[in-house]
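> First, the structure itself, so that you have it in front of you.
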């Protein structure tokens, strides 16, 4: 029997022809995929955007921050948009327009919907997707407010336990990392001048920060012994890493392919393991509910669900809410710790003044107390200036239009559009910050003396010129916990260690990716206990 192809006279195709034809077809599909419509009538910023979006979209995969800076410089009194691989992103610069949209209800302009798209919650964390029914975010906000009230009460043992957990976690992670570095050939690579005999140790900064912040965050969320469980802690830290990574992978594929691609990604498996652990923990707590007082965020959330039976939330809803909180809390806090340590190590001229303030506040309010931390205005200022100088996200106030929205000046935002306001360019704007390109560690400490600016100079303060934690009703409710975590880390390292960048080198360069600016995750610092130095002098 003849094969079907034998009935037709196909020309013989060489390999080069097949490759060229295939590449052409893929290229056409790719360009059509990028040829999404421009729905909003504002200027488009990017290379070659007058003719096609694809070149600017590809460049913005890594360098969107430059496009946002360019748009702000040209159209800072109105708005602009930039192309990405999947959509146009609209940036509202005018302050009056920003105020108009930032507090519009979520049924109209939704923060949760844009986060669902940004981090692909439909596939990676389906229980928190925009379409899913979730425990209200206000519950977590109330829980964090309750914990903050406890921290501010001298009679409540919470903050003392919080500080003790930091100390234990820091010491354990330092020992683990030093042992690993001493046994690794990487610690003895060519060019290193490290001298362990005199107390110096090379420590990778981001892994140290991530584990210590993870330990503190899980203590606040789940208490002991779960925060001290190495397997659980590693899983939490891993989850905070795989969600943004896997989301980037998924967003690069058309929607039809995502159900297949997600099957080979890590985030759903890690999420499933975390959910199983937390459901077991929740059931265990319910069995001993009568004998254990409410002590952490999980207890608070369980109590809220129990008080609202008509809401029909179950243990799985609680577990998924807590998993989402883990994701939201870990990486941004850890990165701020890393940036601050890098700035301190490369700017030793600040150390004496900071240490003098730390000693004075401990003497006045007691070592390790919340009152002492809250009175360290120079420490707070240095961290806030670090945040200003190294802003994680070039954008803020993200919203997805679920309905058409029209500003008072007539600009229409059609349904399905994504809007932001520029964030990082504001920190370079001389209208808001004097000498913005100069790092001034005590900039915000001096601002406290200004009656008009004093309320906005604290690390946790939010306004239109400082949107690291958002602003308005979607401002991050966990920012007070973040402030305490970062301050504990900075104070402990300053007070107890000599430290510098590896090989006495310059500050490790930041790593831009799209709208984000990340610290060098692999960079090491050298640490030496101060008592070891004194012994060797």
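Here the Cβ of each residue, glycine as well, is placed from N, Cα and C on the backbone.
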> Scan 10-30, 31-51 against Swiss-Prot and say which stretch is down as transmembrane segment.
10-30
> Between residue 476 (heme binding site) and residue 310 (N-linked glycosylation site), what C-alpha distance do you get in Å?
28
> Over all shown protein chains, what is the count of other CB atoms within 10 A of the CB belonging to residue 310 (N-linked glycosylation site)?
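Looking across every protein chain shown, the total is 5.
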